[in-house]
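A.B. asks: From TrEMBL, for reference:
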- 577-648: coiled coil (COILED)
- 722-734: compositional bias 'Polar residues' (COMPBIAS)
- 253-334: domain 'Toprim' (DOMAIN)
- 707-734: region 'Disordered' (REGION)
- 793-866: region 'Disordered' (REGION)
- 37-61: zinc finger (ZN_FING)
Amino acid sequence: MIPEGFISSLLERADIVDVIGRYVTLKKSGRNFMACCPFHKEKTPSFSVSPSKQIFKCFGCGKAGNAIGFLMDIEHLEFPEAVRRLADIYGMQVPEDNSPHRQEERARAKTLGEYMKEAADFYSETLKATPRAIDYLKQREITGETALRFGLGFSPDGWHGLQAIFPGEKYLAKELLEVGLVLEKNGSRYDAFRGRIMFPIRSPKGLVIGFGARTMKGDEQPKYLNSPETPIYHKGSELYGLYEGRSAVIDRARAIVCEGYMDVIQLSQAGFREAVAALGTSITPEHVKKLFKLTDTVYFSFDGDSAGRKAARRALEAALPVIQDGQAARFVLLPPEHDPDSLIKAEGAEGYEREIEKALPLTEFLKSLLIEGKSLTYAEERVKLTAEAKPLILSMKQAPVLRLALMREIARLARLQLEDLEREWNTGAPERTVLPPMDISTDFGPAGQRWNSGPTAAGRFSRWGGAGSYGRGWQPRRQSYFEPRVRAKDVRERMLQCFLAYPGLLSDFTPQIEDEFVTSESASSQYIVEVWRAAAHEDGSVTNTAALLACLEKSPNYDHYARLLAEEMTIETPQEAARLELKRGFLELELDQVKDRLLKLSEEPATADTLAKMKPLAKRSRDIEALISEAAEEEKDWRRRAEEQSRTAAFAQSEKGRADVAYSNNPKVRALQEHLFGKAAMDEAAKTALSVREPTAAQTSVAAVAARNGAPATHPPRSAGKSENTQVSSTQTSAVAARAARVFGSFGAPPPSGGALGVHPLNAGVSAPAAAAPVQSARSRRDEIAEALMAQAEKRTGRTLQTNDEFMSEESSPGPMPEPPKGLTDLPSDAELAGWSDDWSEAEEAQAEPQIPADMPPSGLGRKAR
């Protein structure tokens, strides 16, 4: 057995992107890598590999796992072989269990295998020297090539034929008796197989581990003999023909299960090399599971007589516990007079392929078995049907969707509702109703009264009973709206998902896990406990998702964990967000407990003792609700910051290679610039510099304001808040003009020092009605600046951001500016805008430090002048 510590270390060292990249071409897509799935045919990539979690998932066929699981699927290896393969890739030596007991077992298995190989070689040579055995195979239409491929042989008629290769004391070795080659009676030994055609049974590695033997005499019984169970041979898990047909099963994406050795050989010879057979026993779940590891479709093909139909039913019972959603079991019902061997001889490969095409799906075969011999007209017969179906359906632990579909079919046959069947079989998921917060005050009603519920005369629920009358029973306030039921298990499953994605968080929340989940009987709680214990198995060293999956490999809940991880790959929750979700989840679970206790106390008489117990619980309930609100806000703030950082990174990437762009030094204007169009991704065609022959939006705005105030075009607008009759001095006008030039200089060519500016029709900064308005207000000042910024943004992006008349009209309602993006709260107020031209000096501007969010990009609105 390979130590789990080594497996964890191996997965910590391995890079799943490197491992999978050896088989498929991966392309970066966001945080993950994508490719077309190597396990099924597709044109659009749905195979995702997560380097952070070291797992893969195909959203087309459902395959998922870690690096070891990928090697098991892609190379069809068993777990130990896949571990050794991965260790070879990274130059690590797999530690072997070198205890004396284990060394003895390996030596013993090697010795037994050597005895079996010598016997197989002996039987094969004997066949070549026995004409009647060769004639028998020819009579059965078995070619020499097929006999060689399956290693067929012949055991001599004598009682001690094996003494030819195991002479003297070697024939008396206990190993011969242990592997079933010889039998012992009354102190004497003799060969177990005499005068029979020998069928070697090989392991997946091709080693001979047992024999099947068929008599050549028609009346001799038993017709077949088989090796007994040995340390190297287990009938319940081995399949005849699987070693020879393994590649065909994979290539043809199907396996055909027959009853006997001859069926397998005849089908293989006819071209159906994917045929296998059970070994002297019925099909077991282990057999089916082994086949489903190689293919998603298994056909069961047995004789057409009643015995064959019974074998098919046993195969169905073996398939139901191991089949998974997306896999298919089909049943080939041959004509009563045929088995696969005789059908091939009578109708050839084409005839058998036709029978394969007519195979019944699992659903139809199951229904035919349940209906057989029943008259569903009568309720008693339908009850029998549900009773027979119940153990079969409840055994389906690995295919919840298929199980639900089959339950619907059975409910329809029994003329029942699905809900009735679920209730009868106890398969419905239990639901817990999370009640809305109770409004518990210090006034708990009269002592000795029970809490009743009843509407008042007005149709509302009051704290006191009846129509507000005293003493008719205290009632808690109720919400007037419908409160949807919330399954508490969903909270735990989401927490389990976070723990699986980031095992390192398990140690951070160990106290909460011990308090909340260890003693809980709910399935979701026990899932979390199992994962928590698995991660702590190696002294808390399991912090990698892939290593954690390896520790959970043998868990019966492994598929559930893999499904949750597959869902998480689509969500891609960052670790900090998962931590915050867990923090809030534990609070919500505690709140549920407090509310449950309050609800139970509410059903007791309102005695002083009961009220004393409720007061601290009510306070704790309010405290937890406050903590949940804080946790939710913390989570919301973190997600907002993460989103802004992501947008900034994307913006920085889009700005790569561009020339530097200048923002205004004024933090207020700079924030407004970024709000309007500083983060917009601009197309290359929209980045062309404005023509110097056209007046810019800033020039147009200055001209319009000058015309509005009756001042020369070089003068900027008057300060907001001044009376419209107030005269502006020439000194003040010059200062404001210089300020306007500095403010708008970043958006185009500076305004000329003199002369009137015409309003260009395409760049008009103010609508005609607004330009003619004589009133100057703080709002108009703000609108003028925003309009200039907006016009420049439209020029650069080539798209209309907002209709000027709707945005700039002075008659419009004096509402706030358009809602800024989250995080941008440092926009100028009306009062601040009004005072810019009065109290902003060049010295202050030079020293000003922009008060903007830390994630704003370093680039600006327009290119620097060259």
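Here, residue 1 is simply the first one shown, and the rest follow in order.
Each residue, glycine too, has its Cβ placed from N, Cα and C.
Describe the structural context of each listed feature in the structure shown, including burial, neighbouring residues and relevant distances.
C.D. replies: The average per-residue pLDDT of the prediction over the coiled coil (577-648) is 83, rounded to a whole number.
Note on the zinc finger (37-61): residues 11, 14-17, 20, 23-24, 26-27, 29, 31, 67, 70, 73-74, 296, 326, 501, 544-547, 549, 565-566, 568-570 of its chain, located 6 or more positions outside it, place their CB under 8 angstroms from a CB of the stretch.
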A.B. asks: For the domain 'Toprim' (253-334), what does DSSP give as the number of helix, strand and coil residues?
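C.D. replies: For the domain 'Toprim' (253-334), the helix, strand and coil counts are 31 helix, 19 strand, 32 coil.
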A.B. asks: Taking helix as H, G and I and strand as E and B in DSSP, count the residues of the zinc finger (37-61) in helix, strand and coil.
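C.D. replies: Going by DSSP assignments, the zinc finger (37-61) contains 0 helix, 8 strand, 17 coil.
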